[in-house]
Amino acid sequence: MAKTQLQWAKAGEITSAMERVAERENCDPDFVRQQVADGQAVIPNNHAHESLDPMIIGREFSTKVNANIGNSDTTSGIEGELRKLHTAVHYGTDTVMDLSTGENLDNIRSANIEHSPVPVGTVPIYEAVKHVDNPADITHELLLNIIEKQATQGVDYMTIHAGVLMEHLPLTDGRKTGIVSRGGSILAQWIEENGMQNPLYTKFEDICEIFAEHDVTFSLGDSLRPGCLADASDEAQFAELDTLGELTRTAWDHGVQVMVEGPGHVPMDEIADNVERQQDVCDGAPFYVLGPLVTDVAPGYDHITSAIGATEAARAGAAMLCYVTPKEHLGLPDEVDVRDGLAAYRIAAHAADVANDLPGARDWDDALSEARYEFDWRRQFELALDPERAQEYHDQTLPGDNYKEARFCSMCGVEFCSMRIDQDARDADGEMSSIDDETDLDASPSADVNLPPVGTHDTSRVPDEVEINGVTFTPAESHADD
Ligand code: SF4
């Protein structure tokens, strides 16, 4: 049986995935191996995912971002899902989660895995629900079969809601918004109607064996995460977290990699404590947080409310940030929402990396600032996190080529452009108005994700077309064009 990255790391072996990760993170391959061996980082890398460009999730590495894609009962087939995957990869996601709950689940999952250079995650309980009339009818056997099938297909990590126990449910009674995790609410219904313990908990060691065989990474789900500020950091949330700590150690004993999911909606002043508590309870296993949203009052803008919380969480040690789009709480995101959500989260991740003093993380900022001060508009666009958006906004008012070297833009106008005024004053004083010591991004010690452009995964193993059941699907553009 092929070993998992964790087993290789513990055996002292540096795998090709670890070497690739070290290249992308600009660090020593043995440091990568040690972090994986100690459970402080994961390399989600199913043996069957051939088009994958390996990446790492851990607090000692650059902060990563996940984008959720997937259809619902009402929207999107394979072609649409591949377009969403393409958009997510293009705008710099580090992993995707296929949260499809509509039709054609197997085919969409296969197409995504075959075409994705980034790890693909799933939530198997969603598929289980599609096989029964009532969630309480899900059997242990059905759950294990679905998990095994998805592992065989090449899913790199799975959210397993094994931490919510029968005895935790009464702790949610006084909450304002009850149980807001989809998987958590399904399992709570199952536990209550069957009067039995969570099947994902009782079958956890069987799941470990499946994961070890295929090298699937656990993403231990936070079923009782708070759905509003009032429910944050309550007894239910922390009781589940204690169980997640126990499950983390069980998975490690089976040679399986683990990350742990976190809240949700949390007031800003409680975020760092939440991260530190998870790191303590789960022995440093990477923390993968959804936001958190720092206020409940801004539907339509929750990519912003949550990116604020995500920055704070990453600053405190969260390793991966699950993006939230402007459609959160309101509807299924489309490609525009995927773009806006990813921009917000790439900003959060990068801001935290700069603040956490990751080697070279600020070089990108310095290079863009230099281009800005020199009125090198083309270079500014090129270095922007979202170059198309930056140029589009600039060109709305000053579209001509002659304005690409103009010493002003339409924000302040020529007379009030402070940078022009400053430069003219320095010239008049005989001081240098240009920058002597320009940042050389080619020589930067930064990790790939802290250098422009975003979305630069190695796509050489991604096929241009995907064939599913004799039908060929071609995404809108090839990732190789990015
Ligand atoms: S006009 Fe204002 S915003 Fe535009 S470049 Fe000058 S200082 Fe910056």
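Placement of Cβ uses the backbone N, Cα and C atoms for every residue, glycine included.
Nobody curates TrEMBL annotations by hand; they come from automatic prediction.
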Record says Asn68, Met97, Tyr126, His161, Ser181, Arg182, Gly183, Asp222, Ser223, Leu224, Arg225, Tyr288 bind substrate. Source is TrEMBL. Which of Glu25, Glu261, Glu328 does it list for that same site?
Glu261
From His265, His329, Cys409, Cys412, Cys417, the binding-site residues whose CA lies within 10 Å of that of Arg225 (substrate binding site)
His265
Ligand 1: which of the binding-site residues His329, Cys412, Cys417 have a Cβ closer than 6 angstroms to it?
Cys412, Cys417
DSSP-derived helix, strand and coil totals, residue by residue, for the region 'Disordered' (428-461)
7 helix, 0 strand, 27 coil
Do me a favour and check the Cα-Cα span between Tyr126 (substrate binding site) and His329 (Zn(2+) binding site); whole Å is fine.
18
Residues flanking the [4Fe-4S] cluster site, with Cβ no more than 8 Å from the Cβ centroid of Cys409, Cys412, Cys417 and excluding those residues themselves
Phe408, Ser410, Met411, Gly413, Val414, Phe416, Ser418, Met419, Arg420
